[in-house]
Amino acid sequence: IIRGISRKDFDGFKKLFHRFLQVKGPSVDWAKISRPPEELIQPYDRIKARGLPDNIAVSLNKLAVVKLNGGLGTSMGCKGPKSLISVRNENTFLDLTVKQIEHLNKTFNADVPLVLMNSFNTDEDTKKILQKYKHHQVKIHTFNQSRYPRINKESLLPIAKSMGTSGENAEAWYPPGHGDIYASFQNSGLLDKLIAEGKEYIFVSNIDNLGATVDLFILNHLMSQPADKRCEFIMEVTDKTRADVKGGTLIQYEDRLRLLEIAQVPKAHVDEFKSVTKFKIFNTNNLWISLPAIKRLQEKNSMDLEIIVNPKTLDGGLNVIQLETAVGAAIKSFNNAMGVNVPRSRFLPVKTSSDLLLVMSNLYTLDAGSLTMSKKREFPTTPHVKLGSSFTKVQEFLARFENIPDMLELDHLTVSGDVTFGKNVSLKGTVIIIANHGDRIDIPAGAMLENKIVSGNLRILDH
């Protein structure tokens, strides 16, 4: 098996590397970019207004849910797969996903399977935990994305000494981005298996996006297109805010919809790309993709995904590059592709402890694995939260809160330095708490901070 897998991986890498050597200069000609025509990016409300048929279960039975589960929790100070970090009431990302799909299957008496795309980093730990869901009403499949060699930036040679992934070789390999889903899905045999089971579409999203639940209106839109106009790819986009200036956006390019990532933008145009006025939307990475179309494009070898060159510096100081591709970049290869401009609530990624604070708080209520903004919040936007480096690691973050403060009326929170929060603290408006170096601030239990700046030193000790 190992030899078979590594042969396919090697062939895939060889193709990617070969293309990397041939491509010179940016992959887009800036002058040819235009804003997509209105009908190609539909507002979600228009799709929702069409309502649902009585037999939506028929459509659900043609769907599989794919979660991108290749990432580790290292950026949040955790070992192992990111999907196993607890995010809410002891539930991990994976628990919430399984609960959502199980709820769907029970409600509609449907059979929507969950597919996890693991990487060599997450596969073993994820498989161990799957035992836990044996008696849930969800079939769970896994497949592994490819494993490619990191390349020395100077010599352009692989740095691996052997095929192993342990010891000095641990840093020699990487999973080549989520654009690899198409090839590895096919290589695993799972693509054909799902098609044989009558599945027609997959809904793909990042496992750390807690807003990415199965949306019945979008599903119905896909299933109700006439056969000759079958929409093979939907990308959910949402309105850009200042926080999302680096997100990929949809453009019209040579008569096709195309995903434009910041990495492909010529240096001179980066500021323009980041502007909220010219490019108003960004890709949430919630995607609906036709399975027969994936099979067709894979067999014709006609999915030409832009290469993302990701430079890294290893622990020893060695500069390497890893070649990656993005799953959404394939949109240009599918027929009748479109964007749907969805509410911000479908994009709730947890990348940092600041995000974690929001989803653990009373801003959200949890129901059958889905998080929804609390009815008690007066306005629909989430507060802007910036927690300092003392909060980066999940363990340290948790140690600094006796419990999560009431944040229903919070607009903005900045915390820097050695700060802890007692029980039942309430934060409203704009709150800034800054402990200077060497000082510590303990926010006392029951404190209510509204439009306050707290700085200096505040220690409350037991008498």
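Note that Cβ sites are derived from N, Cα and C of the backbone, with glycine treated the same way.
Gln145 (UTP binding site): 28 other CB atoms within 10 A of its CB, across all protein chains. Under the heading UTP binding site, TrEMBL lists Lys82, Gln145, Gly177, Asp208, Lys351.
Spatially close to His178 (substrate binding site) yet at least six residues away along the chain are Leu68, Gly70, Met117, Gln145, Asn206, Asn285, Thr325, Ala326, Val327, judged by Cβ distances under 8 angstroms. The substrate binding site annotation in TrEMBL covers His178.
Taking the binding-site residues Lys82, Lys351 in turn, the residue surrounded by the fewest other Cβ atoms inside 10 Å of its Cβ turns out to be Lys351. Between the two most distant C-alpha atoms of the annotated UTP binders (Lys82, Gln145, Gly177, Asp208, Lys351) there are 21 Å. For Gly177 (UTP binding site), the Cβ neighbour count at a 10 Å cut-off comes to 23, with all displayed protein chains included.
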